[in-house]
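Under the heading transmembrane segment, TrEMBL lists 26-53, 65-83, 158-185, 262-281, 287-307. Among the features that TrEMBL reports, domain 'ABC transporter' is placed at 355-598.
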Amino acid sequence: MSSTRLHAAVRAAARDRLSLLSRLGWVGPGLLTALICLTVLASAVPAATALAVGALISGLAHADAVAGLLAMYALALLTGHAVRAAQGPLYYLAEARVDGRHRAELARLASTSPTIDALERAEVQTLIRSARADPESFMDGTPGAGVLAQLDLIGRSLALVGAALVLAATAWWAVPLLVAAAAAVHQLGWHEGRRWRRVWRPALRPVMRAQVWSDAIVSQGAGKEIRIFGLGDWALDRVDGHLREAFDPHWPVGRRILADKWLQLVAVLVPLGVVLVAVALDAARGGAPVAMATAALVAATTVFEAFNDAPRATINAVTCVRAFEDVRARLAGPATRVPAQRAGAGEVPDKPPLVRFEGVRFSYDGLSSPVLDELDLEVRPGELLAIVGANGAGKSTLIKLLAGLYEPTAGRITADGVDIRDLGPEAWRARLSVVFQDFVRYHLSAADNVALGNALAAPDRAAIEGAARDAGFTEVVAGLPNGWDTPLARDRTGGVDLSGGQWQQVALARALFAARTGARVLVLDEPTAHLDVRTEREVFDRLAAHRGDASVVLISHRLSTVRQADRIVLLSDGRVTESGTQDDLMAAGGRYAEMFTIQARRFQRGYDDRLDEGDIA
Ligand SMILES: Nc1ncnc2c1ncn2[C@@H]1O[C@H](COP(=O)(O)OP(=O)(O)OP(=O)(O)O)[C@@H](O)[C@H]1O
């Protein structure tokens with residue numbers, strides 16, 4: 001290794017260790033003080049033990065002094081044991097605190113990043129997995145273990161100084177020899193740790209895949225299909241295959257590491273043996289007093305232990321911390337531009353805003369053509385706007401852009417003339433409520449499931465009940481065993497599961513609760529796909545009647561429902577190709593009219609009237 005590279009590597013290693021040490025504060029002042037005191041005490045024990053052993057040996061000839069010397073030796077031994085006994089649980093507690101804080105910081109980072117595009121990338125998910133150091137996949141070397149390994153190293157260094165002083169009094173030349181040998185052993189340990197690391201890192205992905213299948217096997221949702229399609233053995237084979245892919249390479253590496261252990265053995269035994277023999281011979285020839293020689297021999301072994309820190313704990317912890325920093329950099333991305341300090345920025349008026357998509361273009365990574373291309377669209381204050389289009393036309397993407405979950409590749413989205421990026425995600429989303437197609441079914445009570453439409457608002461029961469009434473969900477609640485307090489999850493005690501349509505009513509109630517508590521733009525991405533036509537119609541009527549002054553953007557494939565909207569836009573080829581009322585669009589005789597006619601004809605024949613992909617030429 002060239003000197004520049006060596007220099008850079010040493011600097012990086014020092015930076016990593018300092019970065020770990022800086023997290024010591026996370027254990028809290030009381031526990032930290034206790035840990036520091038114990039570490040200092042523990043570092044004095046080896047030298048004290050060496051001196052006590054030496055004194056005891058020299059005192060054996062004086063019967064009256066033996067009892068006192070034995071007591072001294074016993075005290076040194078007992079202190080060592082007591083300190084170790086106290087260190088165990090305190091280290092465990094401190095490690096848990098550091099790991100808890102580390103994982104909480106990571107979760108905060110992931111859940112508060114303004115956009116979700118980075119989170120959707122496989123490499124970011126792998127980094128998050130690596131940074132999180134989950135106990136089930138991370139056997140050792142969590143950040144907490146790495147942080148405490150640094151404190152331990154400081155303690156060992158102090159112990160080294162003490163032991164070196166004792167040893168130097170008898171054989172000063174032995175100190176540099178043993179320190180150099182111990183450093184070599186330490187380096188070999190690091191090399192070994194890095195070899196493990198290299199084989200362990202590529203194992204992360206297959207372990208993640210195995211986890212997906214092993215979770216699916218025991219999950220409720222996938223569990224149904226696994227049984228119906230007879231996928232049980234197949235899924236188990238997948239788990240097995242991924243685990244083999246992950247861990248098979250570990251065996252040869254483990255065997256090679258074991259075979260190379262002799263190097264460490266030689267590096268320990270040869271110098272230590274030389275020192276022990278030389279000091280013993282010197283004492284035998286009457287050079288050093290026996291007491292000093294004995295103390296030196298005990299101290300010599302301590303010098304070795306000073307370098308015997310846990311390289312795997314530090315290496316793995318450094319990996320976690322670096323992955324954490326990498327995740328932070330990727331999640332920050334371009335989306336976190338500082339909100340502009342100009343008039344109107346950072347605040348959204350209490351009335352529904354005029355929202356405009358101006359020349360918006362958006363492409364997903366890996367797709368050859370943009371999903372939205374030069375899209376211009378207005379959502380006028382208070383209007384009920386329906387967006388229709390074939391599968392894959394980009395409707396959900398448009399919604400995610402409106403919610404600021406993605407940023408346009410070009411163009412901008414404004415609310416009352418201010419770019420929503422300048423408003424800042426929190427201010428903008430406080431005025432917006434979105435029910436996604438794949439809305440989350442929280443394992444919480446019915447009341448909490450509705451109130452999560454606005455987690456920042458007080459969970460006011462009257463507002464929850466009002467929103468549920470407007471969404472037509474009241475009757476369902478009345479039938480629940482414990483009313484509003486019933487958990488909406490079968491795997492919770494006293495919990496029940498709802499039908500797909502009932503869940504959609506919950507999601508709708510969530511949006512209406514948000515409208516009652518401040519949201520001025522409601523976005524509903526296929527909120528009624530699971531409902532029968534009559535119920536959907538009722539929901540639509542309720543939505544129109546109870547949205548207050550909020551603007552509503554509604555995506556639906558059922559044109560018989562959306563025809564009552566104030567305005568309907570057809571999304572096609574990445575832009576708005578038709579826009580107007582139902583009558584306008586039918587009179588224009590364009591693609592919307594064609595789609596509507598197909599659905600109406602089908603409905604009359606008794607088929608479902610949803611729009612399919614092939615329906616549009
Ligand atoms: N996260 C993603 N990464 C890459 N491509 C995506 C992603 N999400 C959607 N797409 C692609 O973008 C296009 C538009 O998808 P989008 O979900 O916006 O369509 P949609 O109009 O809502 O469709 P549907 O009516 O079926 O819900 C599709 O071709 C889809 O495959």
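Placement of Cβ uses the backbone N, Cα and C atoms for every residue, glycine included.
Unlike curated records, TrEMBL annotations are generated automatically.
Taking residue pairs at least 6 apart in sequence, the transmembrane segment (65-83) and the transmembrane segment (158-185) share fewer than three C-beta contacts under 8 angstroms. Tertiary neighbourhood of the transmembrane segment (287-307): same-chain residues 46-47, 49-51, 53-55, 57-59, 156-157, 159-160, 162-164, 166-167, 169-171, 174-175, 178-179, 181-183, 185-186, 268, 272, 275-276, 279-280, selected by CB-CB distance under 8 Å and a gap of 6+ residues from either end. Taken as a whole, the domain 'ABC transporter' (355-598) shows an average pLDDT of 88 in this prediction.
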